[in-house]
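Each remark here refers to the structure printed beneath this line.
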Amino acid sequence: MNEPFTHALPILHTLHEHGYQAYFVGGAVRDVLLGREIGDIDIATDATPDTVESLFDKTVDVGKAHGTVIVLLDGISYEVTTFRSESEYEDFRRPKEVTFISSLKEDLLRRDLTINAMAMDIHGDIIDHVGGKQDIERKWIQTVGDPACRFQEDALRMMRAVRFLSELGFELSPKTEAAMKKDKHLLANISVERKKIEMEKLLKGRYCEKAIQVLISTQLYEELPGLETYGLNESLQAFPYYLLDGLEEVWGAFIHLLGLDEAEAVSFLKEWKLSTKVLKEAVAISKYVDCNWDEEKMFEAGEHVLLSSLKITQLKHERRIFFDELEAAKHSYDALPIKKLQDLAVSGKDLMAFRQKPSGKWIAEELACVKKAVLQNQLENRKEAIEEWLIACDQRLEND
Ligand code: ATP
Ligand code: MG
């Protein structure tokens, strides 16, 4: 066993010393078998949440009712969850009751996919009651138990299956795929917030193109916000989102490839309940994809939007990022004489004093002219130079 598991071993040892069972479970066990980078490490135990709290110095209650306590060790947080079964489900989404149990096996059987339902003990030995190892070898995504039942219990599992397919490049097992096609409408019962988490991970997956094909072939996309209206097109939306950085870039590329105009993009992203900040940036990024850049457009867009939309333009046409071109764009942006209107050497007040005129619409118009001339390097950003330039403009107008 190696890092980062060894670092978490003291938690398992403490639980053992007090007579409890404790194992590593879920995603971290899957990822170690896959040779992937290990993300968060989750621990499962038969100790109750109150007991877990009492055994460790630093804990955070993040959902004791559902069995989870965070244990902090050297600044790293570990979710320690009591073995549980989720017997009855309400509205195809949430367990009516969580029952704490003492059987690891039962805890593993309630998990969504076979690849996510394995445990590892303190010696590094894998406990696999559901054929998870075999599915990793044959690259299969399938539910633990009958897929139709498991999707009835919690329909989000359909999206999770496609999300893991996107991350791993695996195939759906025939039974899992058939159940998904049959029961896709159950996804309508799931909150947008939960769907969004899976959709964002799906888009960022290395095999997203394959996942988009599956969303289409199973018609699952029809149950996703906005996509029932705008559709999903395999050849258009296939895109290496995983090469992008923030979520604003991912959504920016997605709405651009959907061909949405600004108003449509705003309402689409609102349906996905994006934060205002991410929504605004995504819409701006999308607007500038394929743009013919000049100084004014760079100024309007700002550095982040400029670089993000340029990157998306490159990926759209060439399917790779040209870092030298991004670097050159950054230099051009840095060389702009002003980055915001306030950087102009004259303000609206200065113009009013200079013109001896009361405030009015003319100020914004005149500032826009000055801004344009400064950005195009036709005018120096200095107060006297700008005033001289305005006088020269007036004279030219009089002569015309
Ligand atoms: P990631 O590395 O992306 O976080 P993960 O496998 O850790 O992947 P989580 O969403 O963090 O995924 O869930 C942790 C574990 O909880 C899963 O591995 C799975 O065993 C279980 N799980 C999560 N969601 C469900 C669900 N809807 N139904 C049943 N089990 C689930
Ligand atoms: Mg996780």
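Count begins at 1; order follows the chain as displayed.
Glycine too: its Cβ is placed from the backbone N, Cα and C atoms.
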So TrEMBL lists Gly27, Arg30, Asp154, Arg157, Arg160, Arg163 for CTP; which of Arg84, Arg111 goes with them?
Arg111
Based on DSSP, name the secondary structure state of Asp42 (Mg(2+) binding site): helix, strand or coil.
strand
What same-chain residues, at least 6 away in sequence, bring their CB to under 8 Å of the CB of Asp42 (Mg(2+) binding site)?
Phe24, Val25, Gly26, Gly27, Ala28, Tyr78, Glu79, Val80, Thr81
Diameter of the ATP binding set by C-alpha atoms, the set being Gly27, Arg30, Arg111, Asp154, Arg157, Arg160, Arg163, in angstrom:
21
When you measure from the Cβ of Arg157 (CTP binding site), which residues in the chain that are at least 6 apart have a Cβ under 8 Å away?
Asp112, Leu113, Thr143, Arg150, Phe151
